[in-house]
Amino acid sequence: MSWLERLRSGLSKTRQQINDTAGFLGNDVRDVFTNRLETVEDLEYALIAADVGRAATEEILEDVRRSEGRNLQDALMSALTLQLEPDARRAEFRKLGFAPQASRVSVDPRGHVVMVIGVNGVGKTTTIAKLGQYYQSRGRGVMFAAGDTFRAAAGAQLGEWGQRLGVPVVQGTDGGDPAAVAFDAASARRARGTDLLFVDTAGRLHNKHNLMEELKKVRRVVDKADPGEPSEVWLVLDAVTGQNGLQQAKKFHESTPLTGVIVTKLDGTSKGGILVPIVRELGVPIKFIGVGEGAGDLQPFDSAEFVRALFDVELPRS
Ligand SMILES: Nc1nc2c(ncn2[C@@H]2O[C@H](COP(=O)(O)OP(=O)(O)O)[C@@H](O)[C@H]2O)c(=O)[nH]1
Ligand SMILES: [Mg+2]
C-alpha cells in the first residue's frame, strides 16, 4: 500500500460516518439547506463525532451554506481545508469565500536543533528516525540525541535506528541525566557543523510536573551549548487519542512553547478530525503526518491533500 492508500484507509471510518449520516454529498448545497435540514444536523453530528470540535463545525456549516451552486461534498471539502489553515490565513480566505491553492507548510527547521516531545507511546522515537531519513534523503547532515533516559531501552531503540540509517547517535546512560545528553549532543553538533540534531525526550516521569520541568531544563542546556537553539520544538501526537491528546498538547505548549506538531498513526483507525482543533486551538502548524511504522512513513502535511484523502477523492497534486 502507498502512504496515501494507508492514510485513506485510516480515515475510512470517519468518511463512512460522514457518508452514512449525510448521504447527500452530491446534492446542491442550496437544496440541502432548504429541503434537508435533518441532513445538515446529521452532518453536524458527524463532524463533531470525528473530533473536529464545535467552533470549527459551526464555521464549516456556515461556509458550506454560503457555497450555493456547489455540491455538498465540494463545499465541505473547501470548508474543511480552510479549517486546517493558520488563523490569519483562514480568516482571510473565509472572507474571500474560497480555500487557498498552496496548502503545504514549510518543514525546513529554522535553525539546527529540533527538540521532539510528547507522552509515551505516541511515536516520538520512531518519528525521529523518520525525520532523520527525510532530511538525510534531502542532503542534510543529521544527528540524534537519545534523551529518553527514563525508559529502559529507549536509547537502544534510537541507537538501532541510527545504525540502520547511518545517523550518529549521542547516547546517555539509562537513568542518567537527559539534560547532560542534550548538552553533549548540542555541543557535538555545533563542533561538527552537522545541519540538524533531533533530540529525543522522555514521555513519562514519576509525575507530570517532573516531566515538564525536565523538558524546560533540556531546552535551557541546549541553548547554553548552542545559543538560540533549539530553534524548533515539535510535539508528537497520536491521532487515535483524539481530544485527550489535544489536552495533553495544551499542557506541553504551556510549559515548552511548540513550533510544530507531528500527528502520527493516521494509518490506524483514527478519527482524523482532531487535526482541526490542533491547528485552531494550539495555533501551531502541523508539520508532518505519520502513516506507518517504517522510516519512510512520514509525509509533510498538506491540508488539501489530507481532506482529499478523507473523502477518498483523487486529484493530481498541485
Ligand atoms: N501504525 C503506526 N504506528 C506508529 C506510527 N508511529 C509510531 N508508531 C508505533 O508506535 C509505537 C510507539 O512508538 P515509539 O516511537 O516507541 O513511541 P515513543 O514512546 O513516543 O517514543 C511503536 O510500535 C511504533 O512503531 C505511525 O505513524 N503509524
Ligand atoms: Mg521513545
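Every residue, even glycine, has its Cβ placed from backbone N, Cα and C.
Taking a C-beta cut-off of under 8 Å and a sequence gap of six or more, T201 (GTP binding site) has these contacts in its own chain: M115, V116, I117, K124, G147, D148, P178, E214, L215, V218. Annotation source TrEMBL lists GTP binding site at 118-125, 200-204, 264-267.
Note on the domain 'SRP54-type proteins GTP-binding' (285-298): mean pLDDT across this stretch is 95. The domain 'SRP54-type proteins GTP-binding' annotation in TrEMBL covers 285-298.
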Among G118, G121, which are binding-site residues, the residue with the most C-beta atoms within 10 angstroms of its C-beta: G118
Among K124, R204, which are binding-site residues, the residue with the most C-beta atoms within 10 angstroms of its C-beta: K124
Other CB atoms, at most 10 A from the CB of L266 (GTP binding site): 28
In sequence order, those binding-site residues of G118, K124, L266 whose CB lies under 6 Å from ligand 2: K124
